[in-house]
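Right, one structure below, let's go through it.
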Amino acid sequence: MSVYGLQRLYIGGGYVDATSGKTFDTFDPATGELLAQVQQASAADVDRAVASAREGQREWAAMTAMQRSRILRRAVDLLRERNDELAAIETRDTGKPIGETLAVDIVTGADVIEYYAGLATAIEGLQVPLRAESFVYTRREPLGVCAGIGAWNYPIQIACWKTAPALAAGNAMVFKPSEVTPLTALKLAEIYTEAGVPAGVFNVVQGDGSVGALLTGHPDIAKVSFTGGVETGKKVMSLAGASSLKEVTMELGGKSPLIVFEDADLDRAADIAVTANFFSSGQVCTNGTRVFVHRSVKDAFTQRVLERVKRIRVGKPTDAATNFGPLVSAAQLDKVLGFIDSGKAEGAKLLAGGTRLTDGHFASGQYVAPTVFGDCRDDMKIVREEIFGPVMSILDFESEDEVIARANDTHYGLAAGVVTENLSRAHRTIHRLEAGICWINTWGESPAEMPVGGYKQSGVGRENGITTLEHYTRIKSVQVELGRYNPVF
């Protein structure tokens, strides 16, 4: 018997059975307990979801922007009222500590919906005078039906981030959560319906990558917003372009540099580094996993990091005292342990962790100890490839030019940060780093107002911020002639 029972698809404002006849299981990564059986969508189910979305989108787009704004604000209120309930589900599904999901996941998702609800009425065109008797005006119109494909690390937050600008602009969305963490997207669908979003405007289809491919290649989808790995992102872009030249937004992987200069407050720098590597058990795309420290302060910095790692409270995610939980799945655990083994084999110095935790209740979960490597080199696998787990690599440097060149020597470009008391150096360095999200003397916050996304192979487009709203609309240009028409023939 599973905790949450059979989970169905959400199409047309309510739950429906999938036609595939297939289900998949989702488990609690802390205990191995079966959480739910989830119905897998078929191609016919995806077609049904898209058709429902097309119908609902016409009704939604016909509303005034103020009407849409009010409905989205009601959804925000419902999310906040149910914060504790949703956080409990998210903790069971992801393995995140309850203190984290209560404070972050639903809260930040609701914040983004509230932000775009406020911007819905500000979607405006332009008026351009040509001459005394002629002018051009532009309209920003919704794209139509969009697809959202979520990642497993922030299930409900990502669903909110993708739906908020899409719905605010008058679009509908068919959303596929990760099959690893599929539960809370369905709760968001219930909330949107209760808030007054018309049937079909937000549909949820479940399944593996084959379902994502059906959405990406669907001729009636106008845009795909994807969060996930680089290789999958390339496939999404290829299929989206080949099928119908869809608009694409992608937030992909990272191997982000955190640079600690010799004048940094080392206590602050250590706090930042530990957060940038071990928050959410290291399963954050923006993690600052390449920690470059000036050689003159490396030992003092490393000592401070190790002191803080000892204070990390690994435990049951449902325990309020826990601030570090398991990895999301057995597959992710195996991947992370493989990277740790490669670090040892390539000569990195293991300073902390480096093992799976199996004592007591840890034995049934996917736990790995917070891990710190020193004496790392740029050519090591743990330094070059995204791990997506709690593994910090400490590297030293001598000069500003050197560290910038090394920090940029990667095909990723998602995030970067510097810690220094010299503001001129901070801005100078940040301006030279090839990354889309940057922090100075802090790490990790991504407020609704801040556009987030990557350079290079870390993504295309942005999520959050005003600029994202524009990419959920298309521009129609209209010339108006008030004077005499001069015939050509």
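Placement of Cβ uses the backbone N, Cα and C atoms for every residue, glycine included.
Here the structure is a predicted model, which means the values were calculated and not measured.
Taken from Swiss-Prot, the feature K(+) 1 binding site applies to Thr26, Asp93, Val180. Val180 (K(+) 1 binding site) counts 20 other C-beta atoms within 10 Å of its own C-beta, drawing on all protein chains shown.
Annotated NAD(+) binding site per Swiss-Prot: Gly150, Ala151, Trp152, Lys176, Pro177, Ser178, Glu179, Gly229, Val230, Glu231, Thr232, Gly253, Cys285, Glu386, in sequence order, evidence recorded as sequence analysis. The local packing around Trp152 (NAD(+) binding site), expressed as other Cβ atoms within 10 Å of its Cβ over all shown chains, amounts to 21. Trp152 (NAD(+) binding site) falls outside any helix or strand according to DSSP and counts as coil.
In the three-state DSSP assignment, the secondary structure recorded for Lys162 (active site, charge relay system) is helix. Cβ environment of Lys162 (active site, charge relay system): Cys146, Gly148, Gly150, Met173, Phe175, Ser225, Thr227, Glu463 lie under 8 Å away, each six or more residues apart in the same chain. Per Swiss-Prot, active site, charge relay system is recorded for Lys162 (among others).
Classification of Lys456 (K(+) 2 binding site) by DSSP places it within a helix. Annotated K(+) 2 binding site per Swiss-Prot: Leu245, Lys456, Gly459, in sequence order, evidence recorded as sequence analysis.
Within 10 Å of the C-beta of Glu247 (site 'Seems to be a necessary countercharge to the potassium cations') we count 17 further C-beta atoms, all protein chains included. If you look up Swiss-Prot, you'll see Glu247 marked as site 'Seems to be a necessary countercharge to the potassium cations', on the strength of sequence analysis.
Sequence-distant neighbours of Glu251 (active site, proton acceptor) (same chain, 6+ apart, CB under 8 A from its CB) are Phe226, Thr227, Cys285, Leu414, Val452, Gly453, Gly454, Ser458, Gly459, Glu463. Reduced to three states, the DSSP call for Glu251 (active site, proton acceptor) is strand. Under the heading active site, proton acceptor, Swiss-Prot lists Glu251.
The annotation active site, nucleophile is assigned in Swiss-Prot to Cys285.
Residues or ranges marked as cysteine sulfenic acid (-SOH) by Swiss-Prot on the basis of sequence analysis: Cys285. Mapped onto three states, the DSSP output places Cys285 (NAD(+) binding site) in coil. Counting every protein chain shown, the number of other Cβ atoms lying within 10 Å of the Cβ of Cys285 (NAD(+) binding site) is 25.
When other Cβ atoms within 10 Å of the Cβ of Glu463 (active site, charge relay system) are tallied across all protein chains shown, the result is 25. Among the features that Swiss-Prot reports, active site, charge relay system is placed at Glu463 (among others).
Mapped onto three states, the DSSP output places Leu245 (K(+) 2 binding site) in coil.
The Cβ of Asp93 (K(+) 1 binding site) lies under 8 Å from the Cβ of Thr26, Asp28, Leu35, Pro155, Thr181, Pro182, Leu183, Thr184, each of which sits 6+ residues away along the same chain. On the backbone, the CA of Glu247 (site 'Seems to be a necessary countercharge to the potassium cations') and the CA of Glu179 (NAD(+) binding site) stand 24 Å apart. Among the record's NAD(+) binders, Gly150, Ala151, Trp152, Lys176, Pro177, Ser178, Glu179, Gly229, Val230, Glu231, Thr232, Gly253, Cys285, Glu386, no two C-alpha atoms are more than 24 Å apart, and one pair sits at exactly that spread. Taking the Cα atom of each, Trp152 (NAD(+) binding site) and Val180 (K(+) 1 binding site) are about 6 angstrom apart.
In this structure, the C-alpha atom of Val230 (NAD(+) binding site) lies 10 angstrom from that of Lys456 (K(+) 2 binding site). Its Cβ taken as reference, Thr26 (K(+) 1 binding site) is surrounded by 24 other Cβ atoms within 10 Å in the chains shown.
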